[in-house]
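Some notes on the structure that comes next.
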Amino acid sequence: MSQTFTKSQVAEHKDDKSMYIIIDDGVYDITNFLDDHPGGAKILKRMAGKDATKSFWKYHGKSVLEKYGTKLKVGTLAEAAKL
């Protein structure tokens, strides 16, 4: 089930128990993806709870989001957060 999050709600998910990131208007749970990330867990931990859109698109193409996004997406960013 997809949920709508505010930026402050996403910001609460920034520790080892629960890590969320924002990419475009999607919210992704990366908690169990840390060990699988080819670039290492360190960068994901640094972005946890934040908008990772710029960093993501700097290093990844659309195919990466298509491959992993469906598994990791837990919701969307609330309209009010898009300023």
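Going from the start of the chain as shown, residues are counted 1 onward.
Any Cβ shown, glycine's included, is placed from N, Cα and C.
Summarising the annotation, Swiss-Prot assigns heme binding site to HIS37, HIS60 and lists sequence analysis as the type of evidence. The secondary structure of HIS60 (heme binding site), as reduced to three states from DSSP, is coil rather than helix or strand.
Per Swiss-Prot, the feature domain 'Cytochrome b5 heme-binding' maps to 2-78; the stated evidence is sequence analysis.
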- Using Cβ-Cβ distances, find the residues under 8 Å from HIS60 (heme binding site) that belong to the same chain and are at least 6 apart in sequence, listing them in sequence order. none
- Nonlocal neighbours by CB distance (under 8 Å) for HIS37 (heme binding site), same chain, sequence gap 6 or more: ILE30, ILE43, LEU44
- Query: Any idea what the model's mean pLDDT is for the domain 'Cytochrome b5 heme-binding' (2-78)?
  - Reply: 95
